[in-house]
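What TrEMBL says about this one:
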- 20-77: domain 'DNA replication complex GINS protein PSF2 N-terminal' (DOMAIN)
- 320-529: domain '6-phosphofructo-2-kinase' (DOMAIN)
- Arg537, His538, Gly539, Glu540, Ser541, Glu542, Phe543, Asn544, Arg595: substrate binding site (BINDING)
Amino acid sequence: MASRSLNSHKDDFQQPFTSYQIEFFAEDDIITIIPNFRMEKIVFLSGTYGPFEPALPTDVPLWLAINLKKKKKCKIQYPYWLSIGMFEMNRYICYIESEDILNSLFCLFKDNLQEKYNNENKSEIKFQEMHPHYIEISNLVLSTAPDDCVENVNAIRGLIEDISNRRQSKFSETMVKALQSVDVKSLSSLLIQNITQIEINRTRGVICSGFNHLQSISKIDNIIMNMTTTSPLQIFFRVKDRVKKGVFTGTTLDDLKLLFMQKFPEFPGGVDCPFYTIDKHNGKESLLDDVSVLQQFQEILVRHENEEDTKKRSPGYTGLDKEKIVLVMVGLPARGKTYVARKICRMLNWMLVPAKVFNVGEYRRLRIGAGQPHDFFDPSNPEGIKARLHMAVAALDDMISWLHNGGRVGIYDATNSTKERRQLVLSRCTREKMNVLFVESICNDQDVIEANIKETKLLSPDYQGADSAKAVQDFRERIKHYNKVYETVEGNDLQYIKLFDVGKKIEVNNITGYIPSRIVFFLMNLHIHNRPIWLTRHGESEFNATNKIGGDSDLTERGDNYAHQLAVWISDWCSKVRADGYNGEVVVWTSSLKRAIRTAQYISQPKVVMRALDEIDAGICDGMTYEEIQEKMPDERAARDSDKLQYRYPRGESYEDVIQRLEPLLLELERTKLPVLIVSHQATLRCLYSYLTGRVKEECPFLNIPLHTLIQLTPKAYGCEEKTFKLCN
């Protein structure tokens, strides 16, 4: 494998990858397992693995191997380099007759750990070529699968430690000798071969202090250190919205183009298309003409020379149809983040803007189980940090993939409590050409926090079936852990919205664009007061009795009876809550149609008539039965049956039209803190019910909203509590 220079400014070493992040990267390495189960394949975003057959070796990423090993689903086959002596070689000799193959195997297995250690001691300046993740992989494999090792586990651990210590000592000695043996005024770079990323981390103090000393003598403003590593580069090719991962081991641009054609054989430009690197910090594109500048996890944009986007050339093109937005939730636990995230998601989907929440907690519960104790979230717990980083990146990857495949707004729901974690999300999304908006929920009202802990978090899947007192205490400890490292969102260049005490105050910075502005306006009307919202159709009307649609008919006797029963029920509810110390006031909203107004006439509460709540306009079909429509306008009936959501009655409305006219009413509904009773019609209530319960819009025209039934909905952080009351037969 050819070596490659990595150019880095001294300042770049001030903020290294953490050891947990480096270990996370190492877990993408492929390793062989011996499964004890049978499965066709396992599909992940990163790739498809399998089939799995008992006793047949199968290659999988290290993270998957560890997961399967912990579940006792496989044995891990140790990598050939993770061996003390020639034991691996001896396993194969008895099966091989060819001398050429034996010689090849000897060359492969002679690079065992003992040989590496001996060679490391022979030279004071030369570093042995090691696996780029030899420290991380050996730690993971030895700790997870010691029973799968055919050699002495402790001996292997000792050799790994000896090699690492010797290399670190040599590095420090090399730096000192270099600074003592040359004219420091002419020194601008230093070449060190075969050093790994984690070794760079461990010697970072020596690097920085050495160059600081050099700068203090020579006053050099800019020093570049060239390190050479034999690590294969994991890179990402991007063609428009498609991304494919590759491992680059070559040394020329032609090698890179060959790898690209293996990944994208269908690409029309062939190997003559230019490559562009994308800076991970600012998203800037640069023409690639030298592969030596490539870095680990480099993103490479490939664009056909003749490819033009006609929309970009049009002066009237706004780009709104392609804008991808990421909302990054920020805040301590029990501050209403998940509640706000789901509310925003429902509102955007209601506006027919595809939006989806990616909750990191759900990934954690799915992959490692619910009910993790509070110390799992302790910032000093390395295993917890590593596991949570896994979940955070998995959720981020899924969100970005979803946005590239038709989504418009991804909502990344997690605490994101440190600048480092937020920078990880920001850098990744910036590289993906996505607009990032932080939404921070800050709550200092202890009453609100306590209510959220007791009422909301006890409904969380983390505490299902747990004792209430123990759950509350555990959750309080979890909050303390997050509070130790919490950093608020700051920076004039960032786009952010800060909510104080969920609605009492809102701070906005650098917000531009239609969708972000709509989100701000929505959040200005949001609150977390616990109150019921009742939905009910009007009582039976004369048109109901004759199966006619539309119209403005009066109530039948049955309908009037329902109106009385509804008034009694509301009165009883108000009396009950007054006894519990509440004022018992209810806001009543009705449509402007006679049957809805008459249904609410006996209720002794303030009433508001709203035309937005009127039934869907049936146009020229108003006053007809469905049988008459089928007979007289079969094409219209067929069109409605094929797409009920978008079908518009001739000179009338569609369900999507109703959704649009209800939008201002929804903002008023979110703003109102009192209980609300809405007396309306089937199509209108289907839309409102769909919004409040988070149903997909395609379900909306088919939801069941029966007559003479009161539906009670109470919005919660993890869903909507629903009860139904049949008041009249």
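For all residues, glycine too, the Cβ spot is worked out from N, Cα and C.
This view paints the features noted in TrEMBL onto the structure.
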{"residue": "Arg537", "record": "substrate binding site", "Cβ contacts under 8 Å, 6 or more apart": "Val679, Ser680, His681, Gln682, Leu685, Ile705, Pro706, Leu707, His708, Thr709"}
{"residue": "Gly539", "record": "substrate binding site", "Cβ contacts under 8 Å, 6 or more apart": "Leu555, Thr556, Arg558, Gly559, Asp560, Asn561, Tyr562, Ala563, Leu566, Arg595, Arg598, Thr599, Leu707, His708, Cys728"}
{"residue": "Ser541", "record": "substrate binding site", "Cβ contacts under 8 Å, 6 or more apart": "Gly551, Ser553, Asp554, Leu555, Thr556, Gly559, Arg595"}
{"residue": "Phe543", "record": "substrate binding site", "Cβ contacts under 8 Å, 6 or more apart": "Ile549, Gly550, Gly551, Ser553, Gly623"}
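According to DSSP, the domain 'DNA replication complex GINS protein PSF2 N-terminal' (20-77) comprises 16 helix, 22 strand, 20 coil. Of all the Cβ atoms in the protein chains shown, 27 others lie within 10 Å of the Cβ of Arg595 (substrate binding site). If you take every residue in the domain '6-phosphofructo-2-kinase' (320-529) and average the pLDDT, you get 86. Compute the center of the Cβ atoms of Arg537, His538, Gly539, Glu540, Ser541, Glu542, Phe543, Asn544, Arg595, which mark the site for substrate; besides them, the chain residues with Cβ within 8 Å of that center are Ala545, Ser553, Leu555, Thr556, Gly559, Thr599, Leu707.
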